[in-house]
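Some features that Swiss-Prot has for this protein:
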- Tyr38, Gly63, Cys64, Ser65, Asp88, Asn89, Asp116, Ile117, Asn131, Arg198: S-adenosyl-L-methionine binding site (BINDING)
Amino acid sequence: MTIKDSIYASEQQVKDFSFDQNVVEVFPDMIQRSVPGYATIVSTMGKLAGEYAQSNSNLYDLGCSLGAVTLSMRRNIRTDNCHIIAVDNSQAMVERCKVHLQGFKSEVPVTVTLGDINELEIQNASVVAMNFTLQFIPHAQRQAVLEKIYANLKPGGVLLLSEKIKAENELCDNLLIDLHHDFKRHNGYSELEISQKRTAIENVMRPDTLSTHFTRLKDIGFSQTQAWYQCFNFCSMIAIK
């Protein structure tokens, strides 16, 4: 049974957002009501992983939370000898992810690991997924993380990246923010919840523009980049080595 997200329903001294036990308990409801098209994004990331998975390789889900993308990838893999490695830096998320994955049987092995992406060793990868993860990594560390991913991707391998983005100018950025807030209102969030969540997350999640993402990926060496989904200020893209 999905528990409704009411973390910010009452007035409070708002702390910086973190993926703690309180968030874990309501995360499925929170993400569905907060990210437009989340189910489509997760499903498509799985299909793309199945398309680009190479035999005898690893697939990574970096910032795996409760394992939605991991499960989607596992359902779509038809290639021999693939191993999925799911990583998150939240102990609460990792523990719940392991329990969640046990409820679904598959011949594709999955290892769920507690770890810092900045320190993670990536090896023999054909697919790396980051579903709304890079945005929580400090700006100064993003280039190094992406360079490490690129260096350890096999030729023809892909990075599947979903991010909250900001527009190129303030007028358009405010438009996208307003549309997103309307989406959250439609899904039952109050003005207080929207305001307090924004306060909680603004210091820990710092989005880039789409052009910043594409320029950085190209400069690192990816041969092709393409956005395949966008709704308001949420975008999913693929980068091919």
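In case you wondered, yes, glycine gets a Cβ from its N, Cα and C as well.
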Per-residue Cβ crowding (10 Å cut-off), top of binding-site residues Asp88, Asp116: Asp88
Under 8 Å by Cβ from Cys64 (S-adenosyl-L-methionine binding site), same chain, sequence gap 6 or more: Thr70, Ala86, Val87, Asp88, Met93, Cys97, Val112
DSSP-derived class (H/G/I helix, E/B strand, else coil) of Asn131 (S-adenosyl-L-methionine binding site): strand
Nonlocal neighbours by CB distance (under 8 Å) for Asn131 (S-adenosyl-L-methionine binding site), same chain, sequence gap 6 or more: Ile41, Val42, Met45, Asp61, Gly63, Ser65, Ala68, Val69, Leu160, Ser162
Residues Tyr38, Gly63, Cys64, Ser65, Asp88, Asn89, Asp116, Ile117, Asn131, Arg198 binding S-adenosyl-L-methionine per the record - widest CA separation, whole Å: 25
Neighbour tally for Tyr38 (S-adenosyl-L-methionine binding site), based on other Cβ positions within 10 Å of its Cβ: 19
Three-class DSSP secondary structure - Asp88 (S-adenosyl-L-methionine binding site): strand
